[in-house]
């Protein structure tokens, strides 16, 4: 069975252009390294290594850094201990319907309003803290910054960095440099670690798009390595890393409350993202894989599959660009970015129902400020009325005292 699977999986028409066999691309030891599918096995233990490194990094570096930068967590009201409601919350539904609320109220002997408040506080209790989100953003920032710097250093002197036709000259018999081999393995191992930890990471508004992005990226890196699309693959990774570390650094400043610096960095990120993902990526990278590559070989299965994955990434780029442009509009015309439209807002629908005492995070700042001002005005009026009442009472007692 294994032999039949290998024979079917590694058919030459899947991986190589027409007229080229595996024997044609065999390379001697002195000719350099040729990418082999078995090299990708190392990415799985490497992914677990990244997860362990992240655990150590967040606790030894990210948490102290968050305190130093002034990251503050909201004070949340903990839900009362009600075993029946807790069981329902964990096993059935986090947001019960009206019929379920009535049923739970009868079982626990609690009013419907208290049942709804309990579930509201319980959902808020599960929301990630700013410190947790800061740690996650700082870990990604460190990796993307190192990856972009190392990738740019290894590619700046290569001929295909400046002339994209060089990506296909001599294909598929192209040796892979040691630096580009590690660039591929480390990048794929990191994205595998992100996919493995997606269930415990902060669930954001674009959660589904992020999962699709991670899966498409892993398939793209793995397939391009096996088919020796390494030259154009390094360009794809470099384009993505160029803006990712700016986004994560802006998130870190946002959680720390550095609003002006965050807004300035967000503008820089927006420009870099829009240029690299909507101009450079489709105009240079996708163009060279779709059009320029046909000057050197006839299309085959690998050609269609690789370009299909690139187009999936481009569709995600357009989706994120739309969210980013919405944020830029708010920043320019409203003077402030109220929410991270791209991926900094939790996707929980029930968060929109939070209590207004202070843990509410969905209501806009203007609404919360108006509520606070109303309460302060009411409190001030009550204080004034109390003072006037006390003063009249004192004046009415003065003649008697005399």
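Quick reminder: no glycine exception, Cβ is built from N, Cα and C everywhere.
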Stated TrEMBL location of transmembrane segment, expressed as one of 40-57, 58-75, 76-93: 40-57
Reported mean pLDDT - the DNA-binding region (70-130): 78
Other parts of the chain folded back onto the transmembrane segment (40-57), taken as Cβ under 8 Å at six or more residues beyond its ends: 138-139, 142, 185-186, 188-190, 192-193, 196-197, 222, 225-226
Within-chain partners of the transmembrane segment (261-281) [C-beta distance under 8 Å, separation at least 6 from its ends]: 236, 239-240, 242-243, 246-247, 249-250, 253-254, 313-314, 317-318, 320-321, 324-325, 327-328, 331, 336-337
Chain residues outside the transmembrane segment (141-161) and at least six past its termini with a C-beta under 8 angstroms from it: 57, 167, 177, 179-180, 183, 186-187, 190, 231-232, 234-235, 237-238, 241-242, 244-245, 248-249, 252
